[in-house]
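Noted in TrEMBL for the protein shown:
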DOMAIN    73-374  domain 'Plant heme peroxidase family profile'
DISULFID  Cys83-Cys163  disulfide bond
SITE      Arg110  site 'Transition state stabilizer'
ACT_SITE  His114  active site, proton acceptor
BINDING   Asp115, Val118, Gly120, Asp122, Ser124, Glu136  Ca(2+) 1 binding site
DISULFID  Cys116-Cys121  disulfide bond
DISULFID  Cys169-Cys370  disulfide bond
BINDING   Pro211  substrate binding site
BINDING   His241  heme b binding site
BINDING   Thr242, Asp293, Thr296, Asp301  Ca(2+) 2 binding site
DISULFID  Cys248-Cys280  disulfide bond
Amino acid sequence: MLVHLPLDSDHVFTQLAITSHKSPCMLVPPQQSLIHITLPKKRRMASSKSMLLLMCFVFGSLMQSMKAQDPSKLTLDYYAKTCPHAQQIVRTEMECFVRAEPRNAAIMLRLHFHDCFVQGCDGSVLLDDTATLTGEKQAEQNINSLKGFDLVDKIKEKLEAECPGVVTCADLLAIAARDAVELVGGPYWDVPVGRLDSKKASLELANSDIPTAQQGLLTLISKFWAKGLSATDMVALVGSHTIGFARCANYRDRIYGDFEQTSKYNPSSETYLSKVKETCPLDGGDDNISAMDYATPAAFDNAFYEQLIKGEGLLNSDQEMWSSVVGSQTADLVNKYWADPGLFFKQFSDSMVKMGNITNPEGGEVRKNCRFVNT
């Protein structure tokens, strides 16, 4: 069932020759990549009253979100006249970054996720703290894991040299995320553009809206629904963990908890468990990382879902999509995406466009430097 495109050959990179727009490939140093939107611990039982209250919350959050969103005015040809080579410039730089270090693909994809979950896809995640603005980089889910800001700076520099003051940082992230996925074997999709960069950030929303390791499956689903994303979108988007790495602090409870129960004490699973315990001891090593897809960590494929079916999900939340007693719908989707990689690729592409179309109703500007609002 597994579809895997080899990263160590020219197969991936010959899809598009590197044409540098007068800028050579600049190799970047390897970076740790933590692609996951940190997800929840297990909650195996829920009373009917709690379920009813939660569904009311979900419905209310969804209605509020839908009301707050303006109809998207994004188009595929937004830069056709003002910066016709914009997407090629982003692609060229991403090819350089991923060729130098494949994990840079996960880094850029995660930046886009965390951007879209706070105020919409508006580049707010990129803003540095200043005397008058508190950014989102110190949020619980960002502070020790979100990287790639230097990569964004390099791409923005090339875009500004080609067409000053035209391409937004929010669009840069959306295009780079698509290229990141394709360059490690994943699907291609057309990226609607025309987003604006926000003039403010929200540390409060970053701490409240991005799913965390302490939340259960239903809460996680409700957070996606609050952004206009369904459970189907959620399971497909979480498939991005196929190229992700997680910090020990986010999976320690899982491997020293019910991992053996969900994997049914399978000997091969025990071998894997021993290896991740070496990386993540009971005490210390919080920043040590492990791949969430140990089979093909450098390739975007559907192997991640097989691990869930085996009961070997590294994160509690990931495994919940298959094992939770309230997760029959998500378990069915996990099974379908493992059985049909084409279906997974199609749904992932559709869900990425849907997530990328979440705009900030307050509008914004075209930042000259992605780290700071214009003065």
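The backbone N, Cα and C atoms fix where each Cβ goes, glycine too.
In this structure, the binding-site residues Asp115, Glu136, Asp293 were compared by how many other Cβ atoms lie within 10 Å of their Cβ, and the smallest count belongs to Asp293.
Among the binding-site residues Gly120, Asp122, Ser124, Thr242, Thr296, the ones whose Cα sits within 10 Å of the Cα of Cys169 (disulfide bond) are Asp122, Ser124. Looking only at the recorded positions Arg110, His114, Pro211, Thr242, Asp301, the one with its C-alpha closest to Asp122 (Ca(2+) 1 binding site) is His114. Taking the mean position of the Cβ atoms of Asp115, Val118, Gly120, Asp122, Ser124, Glu136 as the Ca(2+) 1 site, the remaining same-chain residues with a Cβ inside 8 Å of that point are His114, Cys116, Phe117, Gln119, Cys121, Gly123, Val125, Ala170, Ser198, Ala201, Ser202, Leu205, Ala206, Asn360. Of the listed binding-site residues Ser124, Thr242, Thr296, the Cβ environment within 10 Å is emptiest of other Cβ atoms at Thr296. Taking the disulfide-bonded residues Cys116, Cys163, Cys169, Cys248, Cys280 in turn and counting surrounding C-beta atoms within 10 angstroms, the largest count is reached at Cys169. Close to the residue listed as 'active site, proton acceptor', meaning Cα to Cα within 10 A, are the following recorded positions out of Cys121, Cys163, Asp301: Cys121. Among the recorded positions Val118, Cys121, Cys370, the residue whose Cβ has the fewest other Cβ atoms within 10 Å is Cys370. Recorded residues Asp115 (Ca(2+) 1 binding site) and Cys121 (disulfide bond) have their alpha carbons 5 Å apart, per Cα-Cα distance. Remark: of the binding-site residues Gly120, Asp122, Pro211, the most isolated position is Pro211 (fewest other Cβ atoms within 10 Å of its Cβ).
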